[in-house]
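Colleague: Straight out of Swiss-Prot:
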- Gly46, Lys47, Gly48, Gly49, Val50, Gly51, Lys52, Ser53: ATP binding site (BINDING)
Amino acid sequence: MGSCASCANKDKCSSASKDGGCSSSVPAKLGTNYGNIKNVIGVISGKGGVGKSTVTGILATQLAKKGYKVGVLDADITGPSMPRFFGINEKRADIVAMDSEGKQVKFVPVKTELGIKVISMNLLMEVEDDPVIWRGPMVTGVLNQMFKDTDWEELDYLLIDMPPGTSDITLTVMQTFPIKELVIVSTPQDMVSMIVKKLVTMAHKMNVCVRGVVENMAYIECECGKKMRVFSKKSSEEHAEYLGLPLIGELPINLDLTEALENGKAEEYVAENPLYSLIFEGLY
């Protein structure tokens with residue numbers, strides 16, 4: 001169950017249930033044409049470069065390990081990175097015409113080693129590093145189509161890797177997607193926390209429940225086992241308290257994970273590392 005009990009805005013948020021958790025009821029919004037999705041979870045950050053996509057990949061991997069049917073929608077249209085995390089960046093999603101004129105299409109997502117279904121702009125383009133040079137309405141229109149027209153089949157969880165900040169995409173997802181709750185990713189700096197707080201305030205104004213915050217790059221672990229906080233003397237709990245959110249967990253700076261990401265082996269590394277199971281244990 002989600003926990004909004006520590007949120008300063010819980011009395012104003014229609015997503016907060018009487019017992020202090022996020023309401024399980026989700027208002028009818030944008031639907032899917034192919035498949036059924038039980039839970040839609042948004043993963044978001046206030047700024048780029050804090051490891052939001054990495055956290056999305058870690059959470060998706062942990063859910064798949066538990067036996068859940070999981071999908072990932074890479075909503076960062078102009079800066080997609082989920083295919084790289086899962087090592088599927090050389091593959092492409094199939095686009096199937098559903099009528100004779102080709103006006104209605106179906107996207108067939110790419111599956112990872114654990115069976116996670118992924119759709120991303122980079123899986124729909126011929127060349128991975130070609131830029132997407134579109135204005136807001138075009139970007140949001142394509143994102144809506146990726147959500148509606150992907151063949152998700154049956155999913156227990158769809159994780160949406162959202163772009164950072166409070167842009168058009170964020171507004172579109174919060175307004176029109178059937179988001180159950182958000183997981184916010186931050187790093188231990190006051191400047192980052194200040195910007196994240198804007199995002200938290202936006203979520204409350206949009207009546208979107210925030211499950212809590214994951215603090216990434218919280219520390220480096222010495223070979224002796226001591227945790228060294230290199231970016232802030234404040235604890236993760238203090239940063240979470242400033243945001244008015246429960247602390248889901250803290251992730252270290254991990255060079256082995258970085259190397260696995262570079263080699264397209266992050267999913268395998270995360271699945272085998274007990275640290276990530278412990279951090280997200282009990283979240284879903």
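Keep in mind that glycine also has a Cβ here, set from the backbone N, Cα and C atoms.
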Colleague: Reduce the DSSP letter at Ser53 (ATP binding site) to three states and note it down.
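Modeller: The three-state answer is helix.
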Colleague: Does anything in the same chain, at least 6 positions from Val50 (ATP binding site), have a Cβ under 8 Å from its Cβ, and if so what?
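Modeller: For Val50 (ATP binding site), the qualifying residues are Pro164, Val185, Ser186, Thr187, Val192, Asn216, Met217.
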Colleague: Taking 8 Å from the centroid of the Cβ atoms of Gly46, Lys47, Gly48, Gly49, Val50, Gly51, Lys52, Ser53 as the cut-off, which other residues in that chain fall inside it around the ATP site?
Modeller: Ser45, Pro164, Val185, Thr187, Asn216
Colleague: Taking Gly46, Gly48, Gly49, Gly51 as the binding-site residues to compare, which has the smallest set of other Cβ atoms within 10 Å?
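Modeller: Ranked by other Cβ atoms within 10 Å, the binding-site residues Gly46, Gly48, Gly49, Gly51 bottom out at Gly49.
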Colleague: Within 10 Å of each Cβ, count the other Cβ atoms, then let me know which of the binding-site residues Lys47, Lys52 comes out lowest.
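Modeller: Fewest other Cβ atoms within 10 Å, among the binding-site residues Lys47, Lys52, is found for Lys47.
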Colleague: Can you check which residues sit near Ser53 (ATP binding site), meaning Cβ under 8 Å from its Cβ, same chain, 6 or more apart in sequence, and list them in order?
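Modeller: Set apart from Ser53 (ATP binding site) by at least 6 residues yet with Cβ under 8 Å, we have Asp74, Asp76, Ser81, Met82, Phe85, Asp161.
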